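> Quick one: this structure, given as structure tokens, is what I'll be asking you about.
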Amino acid sequence: MSDLVLVINAGSSSIKFSLFETAGAADPQVLFKGQMEGLYVEPKFTAKDAADQKVADEVLPADVPKNHDHALRHMLAWLEQRLGGREIKVVGHRVVHGGTQYSKPELVTPALIAGLEALIPLAPLHEPHNIAPIKILQDILPNAAQVTCFDTAFHTTQPELNQLFALPYEFAQKEGIRRYGFHGLSYEYIASVLPQIDTRAAEGRTVVAHLGNGSSMSALLGCECQATTMGFTALEGLPMGTRCGSIDGGVLLHLMNHLKMDAKQIETLLYKESGLLGLSGGISSDMRALQASDEPLAKFAIDYFARRIVRETASLAAAIGGLDCLVFTAGIGENDALTRALVCHQLRWLGVEIDEAANAVRSGEPRRISLADSKVAVYVIPTNEELMIARQALATI
Ligand code: ADP
């Protein structure tokens, strides 16, 4: 008998869901996926079926509550109408922060919820929105087992040498100020499929570039994380759609002391106005729009992004003693041949030889884009964080 697994990815203004059906020993299959966007403003519910056809597209009436609680109840009621009495037995939640405590998925218990609440100071913008749906679903689906899947867990294998900031040691020990790393569920998915794609890469030294609106990179040795570009928060490392990436801490002091900016203004600048959007002079945070623009600053932003990926690749390769494989994934990594080419051309000295024809192919399948004799094998591998959560939730119960 197959089971239904609900995957929830909740943020401050949206809740994404995927409903999977288990299929014997094979990977769970998607039945429906969708989201409620615009919470607290004008919630809009959209969903697609297994064939990727739109099956829901509605703005919620103005007189209903616009909060997470109502959004989840609406979503579950919509699903219930389509399940013919079948029960959702398992729920997997994406949780952004697991601190140093949680290095694997966890079954939800009162102690776990208390543990997650203790981590709120480390991720105040995200963790509360990840915890709230767990509590709401305890009420809506009292018989379902809930599992939390952490974005930081994959990075707990990093040696301290790569995790710590060079602050006094007690800041890491007592205050938890260290590089946790994020996008872990995406890296775990890539690590789970790499052995079938390239054994040498799976056993050896691989750098994975997760390039989306949020971007990060990780160095894997035998599919275990050794170093990653994101840090204490998801602000460090590569520039992103609107986030600045790594920045000299002295700039922040200057913004405060000289330009008299307060914490809220600096947060807005670093998270919402920087990255591709800021570098392009406000043209766009979206790679497709930058590619379509003739403005010199749009090209500058793309070149800057690629250069930072190149520099981080070399730094990560140094942390694992060389490079056997480079993997591109997420929205830009999977779809943008230009960024991949810009990066690979600048990494020739490291043994990367891109196959231009293979790089130009558009496909949703994993594929090799380096020449047969390239010292470093380069792949495009579509990521699937929702499937990773469904797998982890099932394995945990
Ligand atoms: P998120 O971090 O929000 O999950 P995604 O992984 O969906 O983001 O990536 C979004 C980015 O991918 C955007 O910059 C978008 O422009 C880019 N992208 C999506 N499709 C293409 C494409 N065909 N060509 C170039 N860039 C693309």
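Our numbering is plain: 1 for the first residue shown, then up by one each step along the chain.
The backbone N, Cα and C atoms fix where each Cβ goes, glycine too.
Quick paste from TrEMBL:
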BINDING   Asn9, Glu385  Mg(2+) binding site
BINDING   Lys16, His210, Leu211, Gly212, Asn213, Gly214, Asp286, Met287, Arg288, Gly331, Ile332, Gly333, Glu334, Asn335  ATP binding site
BINDING   Arg94  substrate binding site
ACT_SITE  Asp151  active site, proton donor/acceptor
SITE      His183  site 'Transition state stabilizer'
SITE      Arg243  site 'Transition state stabilizer'
> Return the single residue from the recorded positions list (Asp151, Glu385) that has the minimum number of other CB atoms within 10 Å.
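Among the recorded positions Asp151, Glu385, the lowest count of other Cβ atoms within 10 Å belongs to Glu385.
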> Near the residue listed as 'substrate binding site', which residues of its chain come within a Cβ-Cβ distance under 8 Å, counting only those 6 or more away in sequence?
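Listed in sequence order, they are Val7, Ile8, Asn9, Ala10, Asn130, Cys149, Asp151, Leu185, Glu385, Ile389.
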> With every protein chain in view, how many other Cβ atoms are within 10 Å of the Cβ of Asn213 (ATP binding site)?
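Summing over all protein chains shown, Asn213 (ATP binding site) has 16 other Cβ atoms within 10 Å.
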> How many neighbouring Cβ atoms, not counting its own, are there within 10 Å of the Cβ of Asp286 (ATP binding site)?
15
> Could you tell me the C-alpha distance between Glu334 (ATP binding site) and His183 (site 'Transition state stabilizer') in angstrom, no decimals?
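A Cα-Cα distance of 15 Å.
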> Does any of Arg94, Asp286, Ile332 have a Cβ within less than 6 Å of an atom of ligand 1? These are the binding-site residues; tell me which, or none.
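The qualifying binding-site residues are Asp286, Ile332.
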> On a simple 10 Å Cβ count over all chains shown, which one of the recorded positions Lys16, Arg243, Arg288 is most densely packed?
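Answer by Cβ density within 10 Å: Arg243.
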> What whole-number Å value do you get for the CA-CA distance of His183 (site 'Transition state stabilizer') and Leu211 (ATP binding site)?
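It is 10 Å, counting Cα to Cα.
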> Across the listed ATP-binding residues, Lys16, His210, Leu211, Gly212, Asn213, Gly214, Asp286, Met287, Arg288, Gly331, Ile332, Gly333, Glu334, Asn335, what is the farthest Cα to Cα distance, given in whole Å?
23
> For the C-alpha pair, I'd like the distance in angstrom between Asp286 (ATP binding site) and Arg243 (site 'Transition state stabilizer'), rounded off.
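Rounded to a whole number, the Cα-Cα distance is 12 Å.
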> Where does Arg243 (site 'Transition state stabilizer') sit in the DSSP three-state scheme?
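Reduced to three states, the DSSP call for Arg243 (site 'Transition state stabilizer') is coil.
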> Under 8 Å Cβ-Cβ from Ile332 (ATP binding site), six or more apart in the same chain: what's there?
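Non-local contacts for Ile332 (ATP binding site): Leu211, Gly212, Ser215, Met287, Thr339.
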> Filter the binding-site residues Lys16, Asn213, Arg288 down to the ones within 10 angstroms of Arg243 (site 'Transition state stabilizer'), Cα to Cα, kept in sequence order.
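Within 10 Å Cα-Cα: Asn213.
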> DSSP three-state call for His183 (site 'Transition state stabilizer'): helix, strand or coil?
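Looking at the DSSP assignment, His183 (site 'Transition state stabilizer') belongs to neither helix nor strand, so coil.
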> Just checking, which of Asn9, His183, Leu211, Glu334 (recorded positions) has the fewest C-beta atoms within 10 Å of its C-beta?
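The recorded positions Asn9, His183, Leu211, Glu334 were compared, and Glu334 has the fewest Cβ atoms within 10 Å.
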